[in-house]
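In what follows, a structure is listed as structure tokens, so that the remarks can point back to it.
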Amino acid sequence: MPPRDTSILSEPAPARMARPPSRDGYVTTLIGALAIITVLYVGRDVFVPVALAILLSFVLAPILVILRRLKMPKTLSVMAAVVVTFLALLAIGAVVASQVGQLASDLPQYQWNLQEKIRSLKGATAGSGTMERVAGMLQDLSTELNRPQPQPRSPGESSERTPLPVEIHQPAPGTLGMLSSVLQPLIHPLATTGIIFIFLIFILLQREDLRNRFIRLAGAHDIQRTTAALDDAGARLSRFFLAQVVLNAGFGAVIGIGLTLIGVPSAILWGLLAAVLRFVPYVGAIIAAVLPSALALAVDPGWTMVLATVALFVVIEPIVGHIIEPLVYGRSTGLSPVAVIASATFWTWLWGPIGLVLATPLTLCLVVLGRHVEQLEFLDVMLGDRPPLSAPELFYQRMLAGDPVEATSTAEDYLKDQPLASYVDEVALPALRLAQHDHARGALGEERIERIRASVGELIYNLGPGDEEPLAVQRGEGGALPGWIDRSPLPSAWTGDHPVLCIGSRTGLDEAAAMLMALVFTAHGLPARVEGPAALQRGHLAKLDANAAALVMVSSLDSGGMAQLRYAVRRLRRHLPDVAVLLGAWGAHGDRNARSALEEIDDPSVTTAADAVAAAARLAHGAQEAGRTHGTAGPSLRLPAEQ
């Protein structure tokens, strides 16, 4: 069974029929993407604060909901949340500035420890002399490259010249100059902070209005569905970002406390850095561990502190990432690993270090938009962690490519939890129905049909008929799907080498479906063999041995060819009057018109592999009880109710 999506952003998306874009569409999309990237890069001084404000609005949204439930006015609740956030960030900034200043003043004290460690490392490698020779060679080359070139002299110029001393005196700075030198480095951070909180206030005050405008842009033709989707997506994003902020803050607090106990200077600074960098998946914690480890290397004369620092990150990060995070917001963020790395690279290139921190939240917002806005579906396909192809589509694509190896691996994973009949019903037969649809509209030629048939045959060979017998028995206990069918008490026709004959009705696709059904019957204790569509032709029907099979299944994927199928079954009935006939109308699954046409056929028919196995079991046990009544059609089977 495919793994269930446990992402906090998991939301079933409606099936859409993809339309291939035209070449003009590709060009327009490319030009639009380049224009957007250019605007984001040129206007990064504005867009970065706006992005931070949007993300902060998601974090504060649940808090605002709580305040509104406490009957606090909207404006007051927004201002309270924003002021508390501002004060918290201001306090964090003050702590960081203090820690950085203290660290800068203490760094010269650690120079001697670093020199001693370098000497010890040089002593450890002094035995061979290789490192010394390489270092000496590099030093000689550096000296030669940095040697100044002699200046050419004119013929009458003296070899000795006394240089003239030159002194440059700057005027003493005035009051305005001193004030400018102090405020100039602060202008950009203060302006950025001001833009962030101005946008944050207005976004929170106008949440409902912005939501309605976005609904209008996203899909006003179906307001109910669009509203439900966007409200749910917004709530999920808010919960996720708030949980991530709390979790990363806890991670930073634990790291800070641990570094304090170890004795690493400026432990609060490294804890804050770890909390911020952990917003970057996969590599954030590694980057956060580098600086405190380097500082521990400089502070401690020995190696105990640096080893303890590394061990702290090695222990805490897996606990948070693999135990606590799945409990808090699921196993996945909804992003593929490649998308995480690619987005981190892109946003860092676009916006610098702040882009690295914002990469995952921004990409997550894009994926949510792609899942709920049809025009942006490509974002979900490119960046999301959901499989881009469904299991039947992937099966069909691998069969078209003539690569049954990947399909075999996927089938083996599926069969660990589900019976073979379920795999055939949910993956293989739907894939063949896709192929039949392409064949009906003229997009699938005979050469590719033959490739699909051969690939299905190789898949069946790889799976093997005997591997699923214990699983079939296990799944059959107490369920609708029968398990292993004991043939020992059955009539002689059911105890032969191949009591079941599966025939493809018209094309190689029907034969591929018959091959899959033969595998299913064999897995349940009824060995089966396969014949192609030629077996139903008049000249070949006479060659079929009436005593070699107890049941003949005719497989058909064409939901519109019921009339031809009816005639083929009648010819088969005339040549094999004593053999039960079962019609596998796989193309009629989910098609009411085709199912109605099936009712005109006297012989029993099924639309799923599970129903086929159950029908075969009933036919076998019915033959046992009735002593195999000759000259009658197979027992009547009621069609499964339409789902």
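Cβ from N, Cα, C; glycine included.
Since this is a predicted model, take the numbers as computed values, not measurements.
Annotated features in TrEMBL:
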- 1-20: region 'Disordered' (REGION)
- 25-42: transmembrane segment (TRANSMEM)
- 48-67: transmembrane segment (TRANSMEM)
- 79-100: transmembrane segment (TRANSMEM)
- 144-164: region 'Disordered' (REGION)
- 186-205: transmembrane segment (TRANSMEM)
- 245-273: transmembrane segment (TRANSMEM)
- 279-299: transmembrane segment (TRANSMEM)
- 306-329: transmembrane segment (TRANSMEM)
- 349-369: transmembrane segment (TRANSMEM)
- 621-643: region 'Disordered' (REGION)
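Within its own chain, the transmembrane segment (279-299) is flanked in space by residues 103, 107, 110, 113-114, 117, 244, 248, 255, 259, 262-267, 270, 273, 305-306, 308-310, 313, 317, 321, 333, 335, 337, 340-341, 344, 356-361, which lie at least six positions past its ends and keep a Cβ under 8 Å from the stretch.
Listed by sequence, the residues of this chain that lie at least six past the ends of the transmembrane segment (306-329) yet keep a Cβ under 8 A from its Cβ atoms are 6, 8, 239-240, 243-244, 247, 250-251, 254-255, 258-259, 262, 264, 285-286, 288-289, 292-293, 296-297, 300. Remote same-chain partners of the transmembrane segment (186-205), defined as residues 6 or more beyond its termini with a Cβ less than 8 Å from a stretch Cβ, comprise 45-46, 48-50, 52-54, 56-57, 60-61, 64, 74-75, 78-79, 81-82, 85-86, 89. Taking Cβ pairs closer than 8 Å, the transmembrane segment (79-100) reaches residues 56, 60, 63-64, 67, 72, 193, 197, 200-201, 204, 266, 268-269, 272 in its own chain, all 6 or more past its ends. Long-range Cβ contacts of the transmembrane segment (48-67) within its own chain (Cβ-Cβ under 8 Å, at least 6 residues beyond either end) map to 77-78, 80-82, 85, 192-193, 195-200, 203-204, 207, 234, 237-239, 241-242, 245, 351, 354-355, 358, 361-362, 365.
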